């Protein structure tokens, strides 16, 4: 025991081993002088005197027991005790019992900073707050005083660390120690590691008490000893699973590859961008955290069983006071719940499925739940920007029983999650994540260990489900935010372990009120699988699964191919709608000039509806070509080796070679780094660019066709409006002709009114005498005037010609009504105007007779 203790003065002569050199080189303390100075004088930190003052009596008793148990070193130990008493009076501080364990904790805390993968080099010398809290919690107060020293006894140490420790023990045992007063705390840590190395039993560790040591404030401290101590602590704590387990809550190892750990500069850059990254809680297998899924399933099942038990008790209690009618209430009271039934999973299909492991626990705890503490019947449901407020628990018991006893209704819970594997003929459909696995099955078995190629389709995920999926598959918070907020912009984004595609489809049900409304589809493509998200029911996923089953014997179905197939199916869904628009455009274009007597309002509505559909499809297709073009370009860059993958690999290789100064193994390091990087990253394959080019051609063709159809509809609309104007003009001409005839009759009756008016004055009225000759005279005059007027009017009408052109009609409309009935002056011109050839001849004569500037040269 005493051979392992050494002072700081004697430790300065220790030989520098190779493992220590490697440790110092890997830590690069030369680049950080503050870190080296801090470690050099790290032992000069003060320790409380209260622990020593309170344990004076225990110290004396332990001295007596220790001196009696170790007879060989009794003289040295007693001398140490005497000197310890003098030292304590002189103001120096010792380690005894809990005070010594407290000092050991302080040195172990410093080693945590080296184990933290996301701490900057400038912060390695300081103990972070969360690390201190975890360490204090890891050492329970109920443990014995040497509980911290007993950890890691059963764990094997690395070969390099054990050999380094043996060399230091051999060099330290060969020396003689002049005083036990100068024993350092480094020897205490070496002693602890040596005991764990030889498998010392905890009972024997209690008997082997170390000599009391003081902290030397001498400035000449050998950094080699401190580095060796740090390396030994790191190896001990690295193999201690019980201590590393709580530390994983604050680590970010799952989001850092080997390259990012090797490059401290790139790590600092990543830490400067403060995103709420998820902490590593479990081990990932092929990029999937199956333990997270298992925990979420257990929590969901427990909450579901508890809620079912509470509502079952409530329904049974209220059923005794109400009728046995189990039907739904009116739609006014369940309007909000109907939307929840459409988009969110229900508690359970039937109450008969409550036989689970957690049912006993639920039945035991149900009695302690008060009526006021019961949850609402319908909790608030939140997905993205849409939120359905839950309905408060009321007196409507018939609805509650029917809502939670679905065996009495014909309603089926919608399947919002679908799991598919490329080599499987089955597709698992479930209403929530825990229902994806059957009883006795695990998610690891469902995913086949995460081997390619799997596909999980999620419809209307809730916030909790989205949070679980993001933690399970390592989705970046920006991607999760775009999905939850339902980002409308189409784009392609490349991340470290996946790439994210946002693509739009539409509602293709003609009977739906949301026909042709856009639907956002989000695709997250990993190296071994695909995640898809959408907030409306779509048929593209089923079409792609059917296509995979047909082509998997001929095509290598991987995650990139699934992404291409889904985009291609979305693109092909536009073809039937565009074809129907083409037929409609041809029909309208032909009907514009043929339909005269049809209802013009229906025709205008038909044209307007077709134009609206065309503009909607053009808006949906406008951004897709650019997205596919950018996607294909990145695939080609990845094939040519000029993409972001090669750039990051080259930078990492250069940094690794510069730090380690390895010039001969650059090619080997580059291959290993490339392989490790490719295992943790996901880039679109180069052969997918060929398929994407085909999709781009389809998109451009459809967009150009829509442009042509929109022009046809626009021209047809203008032509039909022109036809309506012509019809309106013809109707006005008919009305004008009728009014002209009425005017002619009125003109004929005006002279008759003059005659009757004249004879109505105070004149001699014929017939005073007894003869009736005056009567026949008046009647004859009237008839004569009528006949004369008729012949004159007929002759006048024959002289008037109807307008032959629209210009003549417009000119005649500007004249008065009487002037339009006047005959034309040039009768010959009017006769020739009826013959087109005669008019051309007149024009030719007038053209030749006019002077011309070319005639003078003849």
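Cβ coordinates come from backbone N, Cα and C, glycine included.
Here Swiss-Prot gives transmembrane segment for one range in the set 742-762, 805-825, 826-846: that range is 742-762. Checking Swiss-Prot for region 'Disordered' across the ranges 278-297, 298-317, 318-337 points to 318-337. Residues 777-778 of the same chain, all 6+ positions outside the topological domain 'Extracellular' (763-771), place their C-beta atoms under 8 angstroms from a C-beta of that stretch. Each residue of the topological domain 'Extracellular' (763-771) gets a DSSP state, and the totals for helix, strand and coil are 0 helix, 0 strand, 9 coil.
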